[in-house]
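Q: According to TrEMBL, the protein has these features:
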- 1-25: signal peptide (SIGNAL)
- 28-329: domain 'Plant heme peroxidase family profile' (DOMAIN)
- C38-C114: disulfide bond (DISULFID)
- R65: site 'Transition state stabilizer' (SITE)
- H69: active site, proton acceptor (ACT_SITE)
- D70, V73, G75, D77, S79, E88: Ca(2+) 1 binding site (BINDING)
- C71-C76: disulfide bond (DISULFID)
- C120-C325: disulfide bond (DISULFID)
- P162: substrate binding site (BINDING)
- H192: heme b binding site (BINDING)
- T193, D244, D252: Ca(2+) 2 binding site (BINDING)
- C199-C231: disulfide bond (DISULFID)
Amino acid sequence: MERKASFFCISIVVVLLSMSFRVAAQGGLKAGFYSSSCQNAESIVRSTVETHNNKDPTVAAGLLRLHFHDCFVQGCDGSILIAGASAERNALANSGLRGFEVIDDAKKQLEGSCPGIVSCADILALAARDAVGLSGGPSWDVPTGRRDGRISSSSEVPNNLPSPLDPIAVQRQKFAAKGLDDRDLVTLVGAHTIGQADCLFFRYRLYNFTATGNADPSLNQAFLAQLQSLCPRNGDGSRRVALDKDSQFKFDVSFFKNVRDGNGVLESDQRLWGDPSTRRIVENYAGNVRGLLGLRFDFEFPKAMIKMSSIEAKTGAQGEIRKICSNFN
């Protein structure tokens with residue numbers, strides 16, 4: 001029986017490894033959109049991300065988060081990149097976002113090579129994919145052809161973007177509103193395997209969570225002590241802490257094992273273990289047998305990213321192709 005189980009697992013591994021992550025075009029997007037109009041578009045983005053990542057490995061997580069935050073407000077249209085007092089990037093939930101300079105750098109190079117062709121929204125989607133690959137995660141064909149949006153409003157962020165304080169029911173509702181299900185939710189949150197969070201967004205869990213001076217009871221006690229040392233009660237709220245305490249710069253499944261063991265930094269992450277539906281998915285990714293040593297997550301993550309990066313994508317005559325990513329034309 002054990003031999004049959006081992007053979008089955010090996011067979012599944014071979015199948016997963018042999019599969020390429022190709023998904024049919026969604027909403028007018030297609031892989032290789034720039035193959036004739038700007039042949040070097042993807043390689044320029046990749047080399048730019050690699051250059052910045054070599055200088056600062058934390059930029060990979062920043063780019064991934066930037067793409068996620070972009071897609072949940074006005075769709076994946078680069079609206080998060082717009083500078084301005086009332087723009088999305090200045091909403092409280094977007095404080096601490098990083099990687100803008102990488103997108104600007106790639107855009108500058110692309111404008112020199114193929115002026116007016118490649119959208120900032122596509123640069124962001126490609127950079128997120130490359131960030132995952134450079135962190136040891138899977139790669140995939142990114143459907144491209146997005147155009148840049150002409151609206152960016154900070155007032156739209158709270159009702160659309162998931163918050164670290166959101167219970168599972170609210171997270172589920174916000175994801176469902178974008179056409180994403182529970183598996184997508186858990187899989188995409190798995191991006192926190194290379195993420196960081198400011199103390200500001202979770203310190204409340206460490207000291208007076210129950211209004212009686214106690215910490216969040218779902219936190220592992222040993223990990224609680226570590227977090228309290230990193231984020232003192234009256235310390236710097238902008239100090240960043242790794243969301244995966246075991247392998248901050250490696251795209252793997254240790255994040256899910258941390259959630260299973262009560263070592264989730266954000267309340268919203270730890271709540272994935274408390275809901276029966278999301279808990280089963282966490283268990284599948286975290287288990288060495290069910291998770292096939294991480295290959296299950298590596299297979300599901302690209303699918304979820306392609307699905308997310310198609311949210312309300314603007315194509316054809318919609319929107320514009322910005323000359324500078326931080327400004328509307």
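Cβ coordinates are placed from backbone N, Cα and C, and glycine is handled just like the others.
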Q: Want to know which recorded positions, from H69, C71, T193, C199, C231, are within 10 Å of E88 (Ca(2+) 1 binding site) at Cα; which are they?
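A: Checking each Cα against E88 (Ca(2+) 1 binding site), the hits are H69.
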Q: Can you tell which of D70, E88, D252 has the most other C-beta atoms within 10 Å, given these are the binding-site residues?
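A: Per the Cβ count within 10 Å, the most buried is D70.
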Q: Once the chains shown are all counted, how many other Cβ atoms turn up within 10 Å of the Cβ of D244 (Ca(2+) 2 binding site)?
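A: Counting Cβ neighbours of D244 (Ca(2+) 2 binding site) within 10 Å gives 28.
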Q: If you count, for each of the recorded positions V73, C199, the other Cβ atoms lying within 10 Å of its Cβ, which residue has the minimum?
A: C199
Q: C76, C114, C231: which of these disulfide-bonded residues has the sparsest Cβ neighbourhood within 10 Å?
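A: So among C76, C114, C231, the disulfide-bonded residues given, the one with the fewest Cβ atoms within 10 Å is C114.
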Q: Let's check the environment of C325 (disulfide bond): how many other CB atoms sit within 10 Å of its CB?
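A: Total other Cβ atoms inside 10 Å, all chains included: 22.
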Q: In sequence order, what residues of the same chain, 6+ apart, have a Cβ less than 8 Å from the Cβ of C120 (disulfide bond)?
A: G78, L81, I103, K107, D148, R322, C325
Q: Which recorded positions (C38, C76, C231, D244) fall within 10 Å of D70 (Ca(2+) 1 binding site) by Cα distance?
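A: So far as Cα distances go, the recorded positions lying within 10 Å of D70 (Ca(2+) 1 binding site) are C76.
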Q: Of the recorded positions H69, C71, G75, S79, C231, which sits closest to the residue listed as 'substrate binding site' by Cα distance?
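A: The smallest Cα gap between the residue listed as 'substrate binding site' and any of the recorded positions is with H69.
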Q: Around R65 (site 'Transition state stabilizer'), which of the listed binding-site residues (S79, H192, T193, D252) come within 10 Å, judging by Cα atoms?
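A: Within 10 Å Cα-Cα: H192.
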Q: Do any residues at least six apart in sequence from C38 (disulfide bond), in the same chain, have a Cβ closer than 8 Å to its Cβ, and if so which, in order?
A: L110, S113, C114, I117, V118
Q: Enter the number of other CB atoms within 10 angstroms of the CB of G75 (Ca(2+) 1 binding site).
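A: Step by step: centre on the Cβ of G75 (Ca(2+) 1 binding site), count other Cβ atoms within 10 Å, giving 21.
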Q: Check each residue in the chain of the residue listed as 'heme b binding site' that is at least six apart in sequence and keep those whose C-beta is under 8 Å from its C-beta; list them in sequence order.
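A: Looking at Cβ-Cβ distances below 8 Å from the residue listed as 'heme b binding site', excluding near sequence neighbours, one finds L243, D244, F255, V265, L266, D269.
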Q: So which other residues, same chain and not among D70, V73, G75, D77, S79, E88, have a Cβ within 8 Å of the centroid of the Cβ atoms at the Ca(2+) 1 site?
A: H69, C71, F72, Q74, C76, G78, I80, G149, S152
